[in-house]
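As structure tokens, the structure follows; a few thoughts come after it.
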Amino acid sequence: MGKYIPNAFNLIVVIYVALGSTSCSYGLAILGSTVGQPSFYKSLGLAMQGEPGYARTASLIGAFNGVGAAGACVGAIINSWSADALSRKLTIQIGAVILSLGAALCAASVNVGMFVFARLFAGVGIGMLVTCIPMYQAEVSTPESRGFMVSMHGIMFAVGYGLSSWIGYGVYFISAAGSDSTFPWRFPLAFQAAPALLMLIGSPWLPYSPRWLMSQDRFEEAEAVLKRLHDRKGEDNHETAIKEFYQMRKQLEQDRQVQASISRFEVFRTAANRKRALIVAAMMWFNMFTGVLIIANYAVLLFTQLGLTGSTPLLLLAIWITISFPGNVITALFIDKWGRRKFMLVGATGIEVALILECVLQAVYTGSTNAAGQKAAIFPIFLFICFWSSCFDATQYLYMSEIFPTAIRGQGTAVGMANQFAAQIIILVAGPIALNNIGWKFFLVMACPTAVYIPVIYFFFPETQNRSLEDINAEFGDKVAVHYYGATAEEQDEYAQAIDIEEHGGMLSAKTALADAVHHVEKV
């Protein structure tokens with residue numbers, strides 16, 4: 001299978017669960033093409049761009065996106081409890097159900113109030129899925145392939161973005177042909193449920209996270225799942241999976257000795273955990289203030305301001321979003337080789353250049369009669385997505401899912417995603433109003449925090465490349481029971497003994513393992 005994939009089953013699991021990711025990105029982006037459908041405005045009694053009363057429409061478009069982000073924030077907070085209490089798997093299933101119901105309500109909306117509620121409801125499902133899926137993917141992956149595997153979340157996110165834009169572009173021609181049908185905006189909104197329902201149908205087949213099983217003291221089941229997920233060609237006795245299982249169990253027992261219970265606010269209790277929480281919060285706020293969702297959701301409005309009409313703005317949006325797919329593939333193929341920090345530093349620098357170029361070109365040519373200059377202003381928008389998709393889209397979810405210990409990973413990812421959605425509320429609500437009132441100056445608002453982001457990444461974000469999830473604890477000053485990455489000779493002997501025991505009748509009994517862990521903690 002190569003260096004990225006231990007076996008086909010592991011790859012199928014991370015791709016299949018990422019069907020939920022496709023539904024999330026589709027739901028987050030679908031309003032971008034919905035606002036390009038004339039029948040949408042007519043059905044909800046809204047003025048179109050250029051018509052009297054459009055200021056109210058701009059505020060409502062911001063509200064439609066804002067309440068979706070607010071619902072997603074609630075979903076992320078729910079995940080902080082449900083991912084640990086109910087399991088990662090059940091949380092994903094519940095999120096898929098809520099998202100599907102919300103999509104149906106969106107498509108059936110008959111007025112602004114119903115549409116606002118439907119977007120809020122669907123947002124809860126999005127928040128649960130987008131928070132839990134990369135965490136689940138990280139926990140079922142090997143240390144060496146985790147970057148590639150969690151990047152499947154980003155790749156399937158790109159698929160969802162692409163579907164939303166191309167479906168929106170295709171149905172536009174129904175209205176362009178003179179039809180008054182509401183199908184061009186209702187069907188795309190309903191289609192959001194399709195990938196989630198497909199994932200839901202096959203979800204009973206998905207394994208539980210082995211780390212969650214161990215947290216529930218279901219050690220034998222966890223070991224069996226881990227061996228199936230991490231079975232490698234050429235290993236008759238699952239030696240590598242046994243090493244991983246041994247480290248996970250030793251770390252679990254050490255954590256239980258040091259910390260008798262996990263509080264509801266454990267993620268803020270220790271200095272190391274507060275540092276993790278601050279890093280993911282900063283990452284999400286900075287990422288949203290690059291303006292990626294402004295372009296994704298309001299590109300049709302941007303292109304219209306640059307003098308483009310008819311189906312052309314929708315076509316450019318579809319092409320722009322489609323570029324994110326190969327960008328995420330680049331992340332999957334190279335992030336385990338080059339590292340997370342390098343990707344983020346290159347991405348932030350490239351995005352800053354794109355934002356400055358766009359700001360300058362729009363300042364000079366927006367509202368002018370210079371058609372060539374207006375077309376030139378389209379280039380930085382496409383340069384932006386090249387850097388975003390290849391350096392940040394998948395990387396942010398990978399990094400967030402890696403840096404928290406297993407016991408609080410649910411809390412930690414919830415903190416990260418809650419901050420992302422809080423930032424989305426501000427950006428998406430302000431976006432159409434700002435574009436309508438201050439135009440090109442809004443790109444200056446996004447360029448300033450992006451410039452600050454570059455030194456923040458350089459000085460405060462530790463590298464997690466090729467470390468096991470347990471090894472990463474050391475980057476934050478926590479003790480590691482036994483290292484997988486950079487193991488000492490003594491630790492290698494421990495692994496050899498564990499493998500030898502497995503080959504002669506099974507792993508250590510729970511009592512022996514606990515005593516061994518206590519002895520190790522006392523030595524530390």
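Every residue, even glycine, has its Cβ placed from backbone N, Cα and C.
Database features (TrEMBL):
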{"type": "DOMAIN", "residues": "13-465", "note": "domain 'Major facilitator superfamily (MFS) profile'"}
{"type": "TRANSMEM", "residues": "12-34", "note": "transmembrane segment"}
{"type": "TRANSMEM", "residues": "54-78", "note": "transmembrane segment"}
{"type": "TRANSMEM", "residues": "90-110", "note": "transmembrane segment"}
{"type": "TRANSMEM", "residues": "116-136", "note": "transmembrane segment"}
{"type": "TRANSMEM", "residues": "148-169", "note": "transmembrane segment"}
{"type": "TRANSMEM", "residues": "189-208", "note": "transmembrane segment"}
{"type": "TRANSMEM", "residues": "278-303", "note": "transmembrane segment"}
{"type": "TRANSMEM", "residues": "315-336", "note": "transmembrane segment"}
{"type": "TRANSMEM", "residues": "343-365", "note": "transmembrane segment"}
{"type": "TRANSMEM", "residues": "377-400", "note": "transmembrane segment"}
{"type": "TRANSMEM", "residues": "412-434", "note": "transmembrane segment"}
{"type": "TRANSMEM", "residues": "440-461", "note": "transmembrane segment"}
*asked:* At a threshold of under 8 Å on Cβ distances, which of 90-110, 148-169, 278-303, 315-336, 343-365 pairs most often with the transmembrane segment (189-208)?
replied: 90-110
*Please work out which recorded stretch in 12-34, 54-78, 148-169, 343-365 has the most C-beta pairs separated by under 8 angstroms from the transmembrane segment (90-110)?*
12-34
*Should the transmembrane segment (412-434) and the transmembrane segment (148-169) be scored as in contact, given a threshold of at least 3 Cβ pairs under 8 Å and pairs 6 or more apart?*
no
*Which listed range (12-34, 54-78, 116-136, 440-461) shows the maximal number of Cβ pairs under 8 Å with respect to the transmembrane segment (377-400)?*
116-136
*Recorded stretch, among 54-78, 148-169, 315-336, 343-365, maximising Cβ pairs under 8 Å relative to the transmembrane segment (278-303)*: 315-336
*Of the listed stretches (12-34, 116-136, 315-336, 440-461), which one yields the highest count of Cβ-Cβ distances below 8 Å with the transmembrane segment (148-169)?*
12-34
*May I ask for the residues of the chain that lie six or more residues beyond the transmembrane segment (12-34) and have a Cβ under 8 Å from a Cβ within it?*
40, 61, 64-65, 68, 92, 95-96, 99-100, 102-103, 122-123, 126, 129-130, 133, 136-137, 140-141, 149-150, 152-161, 163-165, 167-169, 172, 185, 188-189, 191-196, 198-199, 202-203, 206-207, 229, 293, 296-300, 314, 317-318, 321
*Arithmetic mean of per-residue pLDDT over the domain 'Major facilitator superfamily (MFS) profile' (13-465)*: 90
*Outside the transmembrane segment (315-336), six or more residues from its ends: residues with CB under 8 Å to it*: 3-4, 29, 32-33, 36, 144-148, 151-152, 154-155, 157-159, 161-162, 164-166, 168-169, 295-296, 299-300, 303, 308, 343, 378, 381-382, 385-386, 388-391, 393-395, 398, 465-466
